[in-house]
Structures are given as structure tokens and as C-alpha cells.
Amino acid sequence: METKKRDIRALTKEQLRNFFVQQGDKAFRGNQVYEWLWQKSAHDFDAMTNISKETRQMLEDNFVINHIRVDQMQRSSDGTIKNAVRLHDGLVVESVLIPTETRTTACVSSQVGCSLDCRFCATARLKRMRNLNPDEIYDQVVAIDNESRLYFDRPLSNIVFMGMGEPLMNYNNVLKAIDKITSPEGLGMSPKRIVVSTSGVPKIIKKIADEDVKFGLAVSLHSAIDEVRTSIMPFNSTFPLKDLREALEYWYSKTKNRITYEYVVWKGINDTQEAADALVKFCKFAPSKVNIIEYNPIDDGEFQQAHGSAVEMYQNTLERNGITVTVRRSRGKDIDAACGQLANKS
Ligand code: SAH
């Protein structure tokens, strides 16, 4: 049945307190309910055991809790877990739990589908349906934190916004979600353990730099040569490298946070010394490091992982120039949970 009840988690704490005052109750009741909604992540009003039955019914009559539901959980042979997450309107996104010896990282989605058009990414083939709300982002994190406690006996330690969608095209809700995740009234996680990954939207990078944010920024660069980048990430023609560079310099001047560049080396696309030299040059504009990530094939072989020798060439070139570089192995490939593979296949 369709209802027009409001999403209670769209209210701020102050609004919730005011609501209770208007109902002739105490403002403090708002604090209690707020705690249930965020810190305790209640899925329904009946779970709020220190709230009277009548009040719970009153809340039920006025509001809904649009909690996400993990519809399906897949486990990779390497321990990676992929959640298919159903939203209140029936749409589905995916999030991934990536365990290492010492950490559990949550890779969360920020949009249903994606509005960008990176030619090597499976998510780009899904139409962008809508932005996720702050609580839908928060819930993905809570679900993975619970799974980490259950299967790995430890809480979640890190979060990367590298799931479906372009976080900076939904930055308002992403920032609100991060506020909740880092607040003591939410999960109380350190913003230093959060990385937002973007294809590079210069205007928004500057905007969030102005907001004095404390999380890390990763940029999916993949090429530091405009023509090449535009051919694999067509929106680069709207946001060329010169603008991106300027925004990143601004980001560093404001946040003093080193930038991470994500980079895949593909056969015949960017596996040349010239391309590596261009990357070195780009890295010098602002303090940065490079993560070379393995390509996860999504199609008929239009894109192919470059030879190991090309990756080594990149590594040597970067290191020779004093730039930190790490080469990352893919995780969760067997369940289509690796970078660029999230496409709601199941
Ligand atoms: N939209 C954001 C976050 C999503 S993707 C962004 O672009 O940064 C996370 C990373 O995976 C990005 O660096 C993206 O470029 C990369 N990626 C996309 N498709 C890939 C694939 N098939 N194989 C490996 N990495 C891929």
C-alpha cells in the first residue's frame, strides 16, 4: 500500500525534538528516538523498547523508517562479501566487504547506476536512476559493520566510496552520510579512515575542500593525457585535466591531504613510457601517490590488462621520481565484486 508518511531519518535531531514538543511530549524523547534511529540502527519502531507503546504507535502513524534490506549476500573464495541491497522503492545497489589480515573495508555505493560514462566500467552501463539518500549510504556501512563483526570478529575499520555511482555527483548526501558515520551519535568512525573516490568533478572538489572535510580523496585518473583520457572517460572533454589539476591543487592547499590517483594500465591505451611520464608530471602538481589497480574485464576484450612489464615500467618511472606507488590485486573477482564490476548481475 502506498503511504505518504515521512521518512523519519530525513529529520535532524532538532526537528525530531521539536516534533515531540509539538505532540505535547518532552524534547528528550526526540533524543531517545534519534539514538534508536542512528546509533542503534533500528529497523522498526517496535524495536524502541524504552519508548511507550502509544508513542511507538504515534510514530508508526506519522513516519516510516526506509531501512535498506540486504537481499542477497555472496562470498568470494578470498573472503570478500558482496551485498545486493534493496532500497525502499525496490531499486538495488551493491556494496562490498573487503577483508585483509588486519582491516575490514566497506566499499559503498552513492547512486543507483551512474551518470558518468567510463567505457571500462560495468556500472556505467546502468542508467543512473537516482541518488542515494544519506540514510541509505549509512545503512550500507552498518550492514557491513555487522557482517564484519559476525564473520571476522572485528568492527569495520575503513570505508571507500568506490561502489556504484559518482559520489561527487551526489556530494550533498555523501557529506551528510559521512557526518553521521563519523559522529559519536552515529558510528563514531574517524574521517581519516574514509576515502571518497571520484572521476574528477573540478567544481565539486573545490566546493568540498572549502567545507573543511577530513576524509581522503582518490581520483580515478587512468591517463594524464587529455586525448587518451577523453577516449576512455568521455566526460573528460567537459572537465579537462587542466581544470582537474587546478581543483586538486586547491584541495591540497585547503585540506593538506595527499591525493591518491587510481590508475589502470591497459594494453595499447596507456602502456607507454610517454603515458607514464605524463602521470609523473601530473603527480607533481600536488602531493600524491598512485594506486595501480588491476583491470577487471567486463566485456568482449576491448580493454585488456597491460603486460606485467608495462606495470613495472610505471612502477619504476614513478619511484625514480620519488612518487609512492602501490600495485593492487583485485579482490572478489569470482563474484563480480571487484572494481568496475558492480552491475546488479544477480
Ligand atoms: N565513480 C567513482 C567511484 C567508482 S569506481 C570513481 O570513478 O572514482 C572505483 C574505481 O574502479 C575507479 O578508479 C574506477 O575507475 C575503477 N574501475 C572502473 N571499472 C574498472 C574495471 N573494469 N577494472 C578495474 N577498475 C575499474
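A Cβ is built for glycine as well, from the same backbone N, Cα and C atoms used for every other residue.
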Given TrEMBL lists Gly165, Glu166, Ser220, Leu221, His222, Asn296 for S-adenosyl-L-methionine, the same-site residue among Ser95, Ser190, Ser197, Ser253: Ser197
Pairwise CA distance, Cys118 ([4Fe-4S] cluster binding site) versus Ser220 (S-adenosyl-L-methionine binding site), rounded so that it is a whole Å: 10
Of Cys121, Ser197, Ser220, Leu221, binding-site residues neighbouring ligand 1, Cβ under 6 A: Cys121, Ser197, Ser220
Cα distance (Å, whole number) from Cys114 ([4Fe-4S] cluster binding site) to Ser197 (S-adenosyl-L-methionine binding site): 13
Among Cys118, Cys339, which are recorded positions, the residue with the most C-beta atoms within 10 angstroms of its C-beta: Cys339
Proximal residue to Gly165 (S-adenosyl-L-methionine binding site) among recorded positions Glu94, Cys114, Cys121, Cys339 (C-alpha distance): Cys114
Whole-number Å value for how far Cys339 (active site, S-methylcysteine intermediate) lies from Ser220 (S-adenosyl-L-methionine binding site) (Cα to Cα): 11
Cys121 ([4Fe-4S] cluster binding site) and Glu94 (active site, proton acceptor), distance between Cα atoms, whole Å: 14
